[in-house]
Structure formats: C-alpha cells, structure tokens
Amino acid sequence: STMRKRKTTDSPRSSTDLSEGKEKLRLKQEVGLISGVSLIAGTMIGSGIFMSPEWVLYHMGSPASSLLIWAACGLLAMFGALSYAELGTVIKESGGEYIYILRIFGSFPAFLFAYTSVILVRPAGLAAVCLSFAEYAVAPFYPGCSSPQVVVKCTAAACILLLTIINCLNVRLATSIMNIFTAAKLLALLVIVVGGLVLLAKGQTQSFQNAFQNTTAGIGAVGVAFYQGLWSYDGWNNLNYVTEELKKPEVTLPRAVMIAIPLVTCLYLLVNVSYLAAMTPSELLSSEAVAVTWGDKVLGSWAWLISLSVALSTFGSSNGTFFSGGRVCYIAAREGHMPDILSMAHVRCLTPSPALLFTSAMSLIMIVSGNFTSIVNFFSFIAWLFYGMTISGLLYLKIKKPELPRSYKVPIIIPIIVLMAAVYLVVAPIVDQPQIEILYIVLFIFSGIILYFPLVRFKRHPRFLEKLTLHLQLFLEVAPTTSDAN
C-alpha cells in the first residue's frame with residue numbers, strides 16, 4: 001500500500017521492562033506557537049543574511065535582480081513550508097522528509113535520506129554554523145589580524161558541546177534559549193533596517209539608479225544565486241521535524257509557518273536595501289563580511305554591536321539546527337533504520353539524548369577534520385533533491401488519496417511550483433557548470449545500499465551490538481520510546 005503502516009512493536013526490551021509496568025516513554029509536547037515561530041525564524045536567520053548578499057549580487061550582476069532573487073527565495077520557502085504543513089497534518093509524526101518519504105515511498109529511499117542526513121548533511125551544516133559563530137566570537141580578541149584556526153575550532157567545538165548539554169537536559173530550556181536568541185537577532189536586523197531607512201531619507205539612493213544594469217541571464221548563474229539565497233532561508237521546514245512535540249500540531253504548524261517566513265522575507269529584503277543604501281555595489285562585492293562593513297560605515301564606534309549580533313545570531317541558529325537535526329536520527333532509529341540505542345530517550349529528562357550525542361559527535365569530527373567546505377557548498381543540491389522527492393509524494397497523496405483526513409489543505413498549484421523549482425535547482429548547475437563534487441555526493445548517497453540490505457532488509461546485526469546497547473542504556477539512563485501519532 002502507498003501509506004506504509006508504522007510497525008507496532010518497539011524494541012524487544014520495551015520500556016515497560018525498564019520501568020516496571022509504567023507507560024512507555026514519549027517526548028513532551030512543549031513547543032507552542034511562539035516557540036514554533038522562534039524555531040523557524042531563529043534557524044533561518046543565521047549567518048546567511050550577514051554573509052550571502054555579496055554572493056547573490058555577484059552572481060546576478062545588479063542590485064535590482066539580486067533583490068528579486070531574495071524575494072523569490074522567500075516565496076519559494078513559503079510555498080515549500082505550506083506544502084510541508086499539509087504533509088504534517090496528514091502524517092502526524094516527527095522526522096520531516098524522512099518520515100514522509102518512508103510513509104509514501106517505502107523503506108529503501110527513506111533509509112538513503114536518513115543515512116545521508118544523519119552522517120553528512122546535518123552534522124556538516126551544524127559544524128559550518130558553529131564555525132561561523134566562532135569566527136565572530138573570537139574576532140574581537142585578534143584585532144587587525146585573522147584569528148588562529150586552532151582557537152576558532154576550539155570555540156566551535158565548545159559551542160557544540162554547550163548545545164548538546166542544553167538540548168539533552170530539557171526541551172523547554174532549549175526552546176526558551178531559541179526564543180531569547182530569536183528576539184535578539186530580530187532586534188539586530190531591525191537596527192540595520194532602521195539605519196538603512198535613515199540613509200535613504202538622506203538621499204543615499206545611488207545604488208538604485210539604473211538598478212537592472214549588468215544583470216546576468218545565464219540559467220546556471222541564476223541557479224547558483226538561488227543556492228546562495230536559499231542557504232539564508234534554510235530552516236523553513238524545521239518545525240516538521242518535531243511534529244510530535246508540538247501543542248495542537250494541526251493548528252500550530254500552519255500558523256507558525258504563515259507568521260515566521262513572511263516576517264523573515266520582509267526583514268531580508270529591507271536589510272539588503274539597507275546594505276545597498278550604505279554601500280555601492282562594488283563596495284559590497286569587495287566586502288568580506290557585509291554586515292561588519294555596514295556597521296563600520298553607519299554605526300562608527302558602535303560597529304562592535306554588529307559583530308556581537310552576528311555571533312548571537314549564529315549561536316541561536318545552531319541551537320535550532322541541533323534541536324531539529326537530532327530528531328531525524330532519533331526517528332530513523334525508532335523505525336529500525338539506525339541502531340536501537342539512538343531511538344531511546346532519557347528516563348527523567350524525556351529528551352532523545354543518544355541521538356543528540358551522536359549528532360554532536362559527527363559534528364565535532366567535521367570541525368576537527370575541517371574537510372567539509374565543499375560538502376557545505378553543495379548542501380543545497382542534496383537538500384533540494386530530497387525536497388523534490390517529498391513534494392512529489394504530497395502531489396501523489398493529493399491526487400491518489402484525497403480521502404485522507406487533512407485539517408489544512410494547500411492549493412495543488414503551490415506544490416507543483418515547488419517541484420518545478422526543485423528540479424531546476426538540482427539540474428541547472430549540473431547542466432551549466434558540471435562539477436566532480438556532485439558526482440561524489442551522489443556516490444555517497446548510493447553507498448547506503450551497502451548498509452541497507454544486510455543491516456535493515458535482512459536484519460543481520462552483529463551479536464555484540466545487543467550487549468553494547470544494553471550497557472549504553474544503563475550508562476545513559478535511557479529507555480525505548482513510542483510515537484504519539486495515530
């Protein structure tokens with residue numbers, strides 16, 4: 001059948017064995033509307049808006065066309081999130097793309113997604129954001145010169161360890177930190193917006209004269225510009241990873257999307273206008289960090305506030321990425337696609353601590369090795385490959401399974417537009433500028449076949465794994481969980 005029914009049995013050692021007849025463990029429903037908006041907006045607003053504008057302008061060639069790209073990226077993120085909101089009300093389980101691909105297309109493609117996401121994409125993204133945080137956090141201690149890489153990497157590692165402790169201790173603590181840091185970064189963006197409006201009122205509009213001059217028309221250049229812009233919007237789908245932890249998900253999920261993404265899109269457009277009011281396009285292109293250059297020009301002696309704001313912004317974004325990324329690992333393990341220990345939750349804190357610890361370990365490895373820059377550069381390629389698959393699953397359900405109960409329905413034209421955009425974003429850079437790294441990524445995805453058939457399909461598990469799981473259960477004080485979903 002199209003909608004695969006979730007297995008009804010949990011691990012052989014059920015939580016009732018460990019808790020003497022008590023109910024099975026479940027993650028708490030702690031995420032309300034405000035926390036949902038904070039999770040989406042707080043993860044989206046990371047280092048991208050402070051770093052990416054110069055690259056969008058570089059690939060598009062003119063200020064007006066770069067602003068159009070930023071608006072189009074926001075619209076595409078909104079369409080994607082609305083499509084995911086319908087999926088979240090049909091399949092009321094955490095796990096985002098993983099659980100949707102599993103229920104619609106089956107075990108094998110879902111495993112390939114989980115394998116790629118858990119081992120590569122999520123840890124690489126988290127490592128990149130934490131390194132960005134570290135660069136800005138240590139910069140004031142090394143004025144006039146670049147920060148030593150050892151110090152930057154140690155600071156990034158400390159950031160990941162701190163996030164691990166916070167997220168393992170308490171879901172409410174993690175969401176509270178998200179709310180606080182989201183408010184801080186929104187305030188920082190508002191400072192840039194107001195500063196830009198003041199400059200425009202004073203007549204600094206030279207960047208907007210002949211604004212379409214030198215616009216690039218190549219499909220590959222437009223695709224790469226979209227990649228740069230969409231990196232700043234990444235996180236629009238994060239709430240779907242924690243559906244089971246939402247209060248009234250059928251209401252909270254669509255509402256949070258409709259508030260957060262238009263808010264972020266408007267801020268991004270106004271911030272870009274502010275950058276262009278303060279700098280000419282050539283000055284913007286020569287800047288290593290657009291927001292810092294803006295601060296030097298507009299705030300003068302208060303420019304340090306921008307560096308502090310970027311550090312706070314990236315820390316808040318990495319917290320949101322970590323919060324949702326650990327859930328993919330946890331849900332995949334609960335479905336039998338990862339080791340059992342990763343599907344368990346702490347018996348008192350009720351957090352998926354083993355999955356969070358695993359995500360943390362993978363991110364630390366990437367920070368130490370430092371060989372992940374090319375992986376992050378092609379993050380959008382992998383992401384939109386699986387976004388396209390997920391959206392095609394929604395279209396299949398809308399056409400073939402219209403009788404499934406839905407508390408929210410998106411017009412069918414919206415997922416069609418998202419699917420067309422996904423195909424374009426995957427194909428255009430390959431056709432226009434083929435690069436060997438894309439082949440490496442595709443080979444990595446399909447290398448999951450080597451693990452899938454022996455470990456998942458035929459369940460040939462090494463004998464020592466059961467003993468190791470038991471010892472880790474006792475050491476980490478965790479037990480198997482069950483889903484709240486119907």
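Keep in mind that glycine also has a Cβ here, set from the backbone N, Cα and C atoms.
Annotated region 'Disordered' per TrEMBL: 1-22, in sequence order. The transmembrane segment annotation in TrEMBL covers 31-52, 64-85, 97-118, 154-174, 180-201, 256-278, 298-317, 354-372, 378-397, 409-431, 437-455.
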Between 97-118, 180-201, 256-278, 409-431, 437-455, who has the most Cβ pairs under 8 Å to the transmembrane segment (354-372)?
-> 97-118
Proximity verdict for the transmembrane segment (256-278) and the transmembrane segment (409-431), three or more C-beta pairs under 8 Å | no
Any contact between the transmembrane segment (298-317) and the transmembrane segment (31-52), i.e. 3 or more CB pairs below 8 Å with pairs at least 6 residues apart?
-> yes
By a Cβ-Cβ criterion of under 8 Å, what residues six or more beyond either terminus of the transmembrane segment (154-174) are in contact with it?
-> 27-28, 30-31, 126-127, 130-131, 133-134, 137-138, 245, 315, 318-319, 322-323, 326, 346, 349-351, 353, 356-357, 360, 363-364, 367-368
Most Cβ pairs under 8 Å to the transmembrane segment (180-201), of 31-52, 64-85, 378-397, 437-455, goes to 31-52
By Cβ distance under 8 Å, which residues at least 6 away from the ends of the transmembrane segment (97-118) in the same chain are close to it?
-> 2-4, 6, 87, 91, 237, 240, 325, 328-329, 331-332, 335, 337-338, 358-359, 362, 382, 386-387, 389-390, 393-394, 396-397, 444-446, 448-449, 451-452, 456-457
Are the transmembrane segment (437-455) and the transmembrane segment (64-85) close enough that 3 or more Cβ pairs fall under 8 Å, when only pairs 6 or more apart in sequence count?
-> no
Cβ-Cβ under 8 Å with the transmembrane segment (378-397): same-chain residues at least 6 beyond its ends | 2, 80, 83-84, 86-87, 90, 97, 100-101, 104-105, 109, 113, 116-117, 120-121, 124-125, 227, 230-231, 234, 237, 404, 412, 415-416, 418-419, 421-423, 425-426, 429, 437-438, 441, 445
